[in-house]
Amino acid sequence: MRTAMAKSLGAAAFLGAALFAHTLAAQTATCSYNITNEWNTGYTGDITITNRGSSAINGWSVNWQYATNRLSSSWNANVSGSNPYSASNLSWNGNIQPGQSVSFGFQVNKNGGSAERPSVGGSICSGSVASSSAPASSVPSSIASSSPSSVASSVISSMASSSPVSSSSVASSTPGSSSGNQQCNWYGTLYPLCVTTTNGWGWEDQRSCIARSTCAAQPAPFGIVGSGSSTPVSSSSSSLSSSSVVSSIRSSSSSSSSSVATGNGLASLADFPIGVAVAASGGNADIFTSSARQNIVRAEFNQITAENIMKMSYMYSGSNFSFTNSDRLVSWAAQNGQTVHGHALVWHPSYQLPNWASDSNANFRQDFARHIDTVAAHFAGQVKSWDVVNEALFDSADDPDGRGSANGYRQSVFYRQFGGPEYIDEAFRRARAADPTAELYYNDFNTEENGAKTTALVNLVQRLLNNGVPIDGVGFQMHVMNDYPSIANIRQAMQKIVALSPTLKIKITELDVRLNNPYDGNSSNDYTNRNDCAVSCAGLDRQKARYKEIVQAYLEVVPPGRRGGITVWGIADPDSWLYTHQNLPDWPLLFNDNLQPKPAYQGVVEALSGR
């Protein structure tokens, strides 16, 4: 079973382990190898290196060799060679504390043979766990059962699996760090201290770190450890309750954010996930490089959704799986008190499709199954919930090929290859088999209008329920305007889904509220200049009321045990896909261009607080 720390490092491992000679003294590790998903021509697998010694391992390398199989891709390691192969750690996963693990993954071409399981070599591996394999469409039980189901349990699990750290292990800090031999004992788990970041969490040397001031602000016995500090890592930290840990993390994170006046955070006002979509593909809004946005996420939210990098095409490099970018984001989430809502396993736009998803592919169904099996299994235990299928219903406003409706369904490449909507059933069944613990959602837009598309949604969900398909919830994207649709229709649309099953969850997945309505035929109402609502305008006041009434409707219509959460589709206005829409500026989110909370933010606070 993998430790919580292994997951936070972004796991899925490789084959064969040997560590650099200068770190070998008094260090032992077990190296376990698994085939996680196998198909006719290849497979994906992983190996995990677990430090069983008493001192930290600081830097590792691995090597292995096949008979006929050949490596086609890998992630979370630097790989070289063409059989034999060698791999070494990246900058962020080279340090393995006692009792902790790191791992990286691979995809292999069988080259006409069977799946090989080469010997695990290397002097660091004192014990090699026998190789195991998972047949096609299955997932290792160690992956499926080892994951915490909430932020709190993730933190507790991480603390429970961390051994008390000796001075020798503390001394092995990252090379190049001006922190010397010091690290941060963050509620029972060791993290690097930041060099340049002065508040909160940072991203330096390709990994997360904690600012000295934030680390030192924790209550005893936590804080800075190592040379110059006598604060130990106490094994008793595992006895902390989940509520006290989450409360402490929120308190510390909130105090580091200069852009949020309340200091409490939206997530502290709800007993269900309050999430936000984050960009992770470069630019000013990139969560990895914008410390101000990181502060907002830590202070306000407890769940993130990737805007793009967990969509279908982003899981590949050419025809091979590649999880490096998505693993980095999932790791960041785990290290920053966030769960992850995966978006999305299946989505139709041509610009978001992998190479295999075409009408001409004779092996389409096999590749479809391999995609669901591999991606869902890879993130098993790390992703709390998935949009399994996104936007499978027809919408006249989004029909670029002019194919029209097929009994309410979009005639996507998936629909065409399967000859109907059964691909939806298949996707849910395979996702459940690959990750039994994740919540599985169907997600779509304009379904809150309570019109024909809402009826199509009801029919789709009812069909899935009748067929025993393992659907856990329905996502309403909720891209709305200040004046459309009516709150009465939003309520009725959600109520129709609530009525379908006593266990079905409802999640608002992509909430934003436009001030301008380009469809109302009255341009005199439009705000046309970027400065019109930069600070204040009547539209911002209406937007506050709109956010408030939507959250209130959600709380009143959806029973407490069936609230999957509310996610806002972006952190600040300039991050939004609607910042300029149909030649009009807009201000659709909770924070403005200066990353300050808007009236809309207060509207959400009031709704969650019952005011």
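In case you wondered, yes, glycine gets a Cβ from its N, Cα and C as well.
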Residue among Cys31, Cys215, Cys533 that, according to Swiss-Prot, closes a disulfide with Cys125: Cys31
According to Swiss-Prot, the disulfide involving Cys184 connects it to which residue among Cys215, Cys533, Cys537? Cys215
Here the recorded positions are Cys194, Glu391, Glu510, and the Cα closest to that of Cys31 (disulfide bond) is found at Cys194
Could you check which of the recorded positions Cys125, Cys194, Glu391, Glu510 is the closest Cα neighbour of Cys184 (disulfide bond)? Cys194
Let me check the 10 A CB neighbour count of Cys194 (disulfide bond). How many other CB atoms are there? 27
Averaged over the domain 'CBM10' (183-212), the pLDDT of the predicted model comes to 68
Could you state the whole-number distance in Å separating the C-alpha atoms of Glu510 (active site, nucleophile) and Glu391 (active site, proton donor)? 13
State the Cα to Cα distance, in Å, between Cys194 (disulfide bond) and Cys215 (disulfide bond), rounded to an integer. 10
